[in-house]
Every structure is written in structure tokens, then in C-alpha cells.
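Participant: Once you've had a glance at the structure underneath, I'll fire off some questions.
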Amino acid sequence: MIVEQLVVTHAGSRGALLPLLHAIQREIGFIPDEAVPMIAAGLNLSRADVHGVVTFYHDFRRQPAGRHVVKFCRAEACQARGSAAIETAMALKLGVAMGDTRDDGHISLEAVYCLGLCATGPNAMVDGQPFSRIDHAAVSRIADMVSV
């Protein structure tokens, strides 16, 4: 299993937990719950420690992401520019609730709390590509882009 191989590779390294979690997510796309005991045993940590780190950092997924990932900014600067209404429109247009993956596995909609583009909000990241000044027309363009 990939997780077991990665645990062996990282075991014994100082501060191995975060690099190991990133490696697992890079390889399989998420951190499966059943990997937590293996990681804990391999790094001589408690399951609670590993679980706490996995759940603390928003970038670690515990379920597979959709084929397309839309990250929508909820930071204060974007909120001040009307992001709440745009977020609602985005969720409706994509057919997925914030924090979920659509039933067909095609699209995940995730909240982020700053993309570093504060002067140009509301902002989103679609499959790693930033989008700024999102309005209702941009919501439609993004939905069309991820629908293929």
C-alpha cells in the first residue's frame, strides 16, 4: 500500500508528520481515516496527534476531492466586496454545497480564508488557477469551465 511505503520512507525523520501527510495527499489525493493508525505507529505518535493535525489544516482532505476543485475565498476583504452573494450563486450554479463534493465526483467546492488577492476580491481558485473580481458573469464562466 502506498501509505505504508510513505510511512516507512518518512519514519525516523525529525518533524516527519507534515511532510508525510503532504506526500500521502499528493499520491492518493486525500488522507484516509484508516491511514491515521499506520501513520501514528510509524512515527511513534498518538492517533489523536495525527488526527488533530489532519483536521486542523484545511488543505488536508479526508475524502477524495472532485475532478475539479473550486476554492472560494471567505476572508474579510472578499466579504467586504460582496462575496457572500457570489458564493451562494457559485454553489447553486455548480450544484454543490460549500465544503462538499458533488455526488458525481466531478466538482468540489471548498472555502479558503485568503488567496492573497485581497485588493481584487471576491476571489476564487479553480484547479489552481486564480480568478479575481468574480461577479455573476464570472460564476457562469467558471461553471462552464468545470462542466467539461
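Backbone N, Cα and C atoms are what each Cβ position is placed from, and that goes for glycine too.
For Cys73, Cys78, Cys114, Cys118, the entry in TrEMBL reads [2Fe-2S] cluster binding site.
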Participant: Counting only residues 6+ apart in the same chain, whose Cβ is under 8 Å from the Cβ of Cys118 ([2Fe-2S] cluster binding site)?
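Facilitator: Expected: Ala75, Ala77, Cys78.
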Participant: Show, in sequence order, which residues other than Cys73, Cys78, Cys114, Cys118 on the same chain lie with their Cβ within 8 Å of the centre of the Cβ atoms of the [2Fe-2S] cluster site.
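Facilitator: So the additional residues around the site are Arg74, Ala75, Glu76, Ala77, Ser83, Val112, Tyr113, Leu115, Gly116, Leu117, Gly121, Pro122, Asn123.
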Participant: Which of Cys78, Cys114 (the binding-site residues) has the most other Cβ atoms within 10 Å?
Facilitator: Cys78
Participant: Cβ distance under 8 Å to Cys73 ([2Fe-2S] cluster binding site), same chain, sequence separation 6 or more: which residues?
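Facilitator: Ser83, Ala111, Val112, Tyr113, Cys114, Leu115, Leu117, Gly121, Pro122, Asn123, Ala124 - these are the non-local Cβ neighbours of Cys73 ([2Fe-2S] cluster binding site), listed in sequence order.
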Participant: Which three-state DSSP class does Cys73 ([2Fe-2S] cluster binding site) fall into?
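Facilitator: Cys73 ([2Fe-2S] cluster binding site) sits in a strand per DSSP.
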Participant: Could you check what DSSP calls Cys118 ([2Fe-2S] cluster binding site) once collapsed to helix, strand or coil?
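Facilitator: Cys118 ([2Fe-2S] cluster binding site) sits in a helix per DSSP.
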